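Enquirer: Sending over a structure as structure tokens; questions will come in a sec.
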């Protein structure tokens, strides 16, 4: 029996080593917190050069991590940019584009949305054992065939938990001084309808049974009264406030319409609660701000506190919310094993104004803004990555990177695999972030406006430092030389409101980041060579585009029967926020 003891001992050692190894692999997978702000300009943050806007928490995040200064969004509007972020693919590949002027999900009554065959970063991480949560703005669609099918709900894209706004802020969402009065009136009106309905049923049953003698005309008149009452109520509530400005927890609508000024604070509390619930396991939290999109709902604590009006107030409130999330990460002991990423979905909205008040963001030295497919101001966004011990603090990276890079990056750090049946346009950022390589893996980036290619960026691998950018199409500014499209509020992608360039306008962003002076064969010896190189790359890229249905074209038309409703249609106003408890459990779905 004695010879067996070493074997038993060795077996125990091996078992312990395997256990430790498995535990070590688990520990190597970081928690992931992705923070995306809505419509934030790259020039709005202190860490990107703004010395009049107070953003201390985001600035601290930048000091503690890596700051990307040429971080590029795949689109200059919300829905397509976010689809590219989630999938690591240009929106043209998934069909999250339009050949017309409606380039985002228009409302919650359209069947358009991110196709279900797309693989999101949440789905990828879920396969790696992550608990996945989305808190905040979605804007990737909701329903397909009925107001309750929720085919485009975040749960169908890999998220286990959802609390937030399935649409996006619009001007109707805030302020809403009559909200509480209408909620009370609707409650009384619905009670009246129920009483009349009970009376109709009672009289009908009584007449058919011979218990009461009432004319059918009276019964039909009461039925007609209910229908007319419902129609009158529905007709008086056609504003997006009632049908699009709502909050959901899981599948349930909790506020319709929502109190926009308190929504952000509730979402931060939800985020902190999510972090606490999952502090002992590996998780993904995608916190998608409603800030700083117009109409800029801001709490009283921050109203009037900045040097930049309501927009500045909203930015500084957003920064304080980022601080609360970062503090919670520290408080729950998650700091050292949590990768935090911060960005904006696209550039600031230059044309967002109320009188002389600027309600949109500042894009610094970069030309253009939100809605412009090629100009730098619409697509160059903040990019900050912090992962203590893995990513060096205080590092600055000027290489071109993309929001599409986040999916392959989280796949890399989690041990996941990228889908092999489709083109993934993003690249793993970790070698660049950790300093293992000098250059971005991107050689070309393609800049679309809807379904139209507007510009191409070329980053040669010759250590010249040049970043060439060729514009095939540029918007016509209104008024001329204004730098924006103030007549239409957003610039167009095609037709008479754009200028087509042949040969394309050429800039070297390393020398002219503001894209102020186009290069010519007379001023740039490499002009013709660069134009030809870019044209060849564009041709190769276009050959990889597989035709799909454009979600934001024909499907982006409203259907009344798809309008979400928290009650019995059309009596849909409700406030259940205080009544609904937070779902808990292994998958958090409700």
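Note that Cβ sites are derived from N, Cα and C of the backbone, with glycine treated the same way.
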Enquirer: Per Swiss-Prot, which one of 47, 78 shares the Ca(2+) site with 38, 39, 345, 346?
Expert: 78
Enquirer: Looking at Swiss-Prot, which one out of 57, 293, 454 binds substrate in the same site as 137, 370?
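Expert: Of the residues offered, the record points to 293.
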Enquirer: So of all those binding-site residues, 39, 293, 345, 370, which one's Cα sits nearest to residue 336 (N-linked glycosylation site)?
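Expert: Nearest listed residue in space: 345.
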Enquirer: Cα distance, residue 137 (substrate binding site) to residue 345 (Ca(2+) binding site), nearest Å?
Expert: 11
Enquirer: Which of the recorded positions 50, 117, 137, 293, 370 has its Cα closest in space to the Cα of residue 38 (Ca(2+) binding site)?
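Expert: Nearest in space to residue 38 (Ca(2+) binding site), counting only the recorded positions, is 293.
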Enquirer: When the number of other CB atoms within 10 A of each residue's CB is tallied over all shown chains, which of the glycosylation sites 50, 117, 336 has the maximum?
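Expert: Selected residue: 50.
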Enquirer: CA-CA, which of the recorded positions 39, 50, 78, 117, 346 lies nearest residue 137 (substrate binding site)?
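Expert: Result: the closest of the recorded positions to residue 137 (substrate binding site) is 78.
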Enquirer: If I take the alpha carbons of residue 117 (N-linked glycosylation site) and residue 39 (Ca(2+) binding site), what is the distance between them in whole Å?
Expert: 28
Enquirer: Between residue 293 (substrate binding site) and residue 39 (Ca(2+) binding site), find the distance joining the two CA atoms and give it rounded to the nearest Å.
Expert: 6
Enquirer: Apart from 38, 39, 78, 345, 346, which residues in this chain have a Cβ no more than 8 Å from the mean position of the Cβ atoms of those residues at the Ca(2+) site?
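Expert: Going along the sequence, the neighbours come out as 36, 37, 40, 77, 81, 82, 293, 344, 370.
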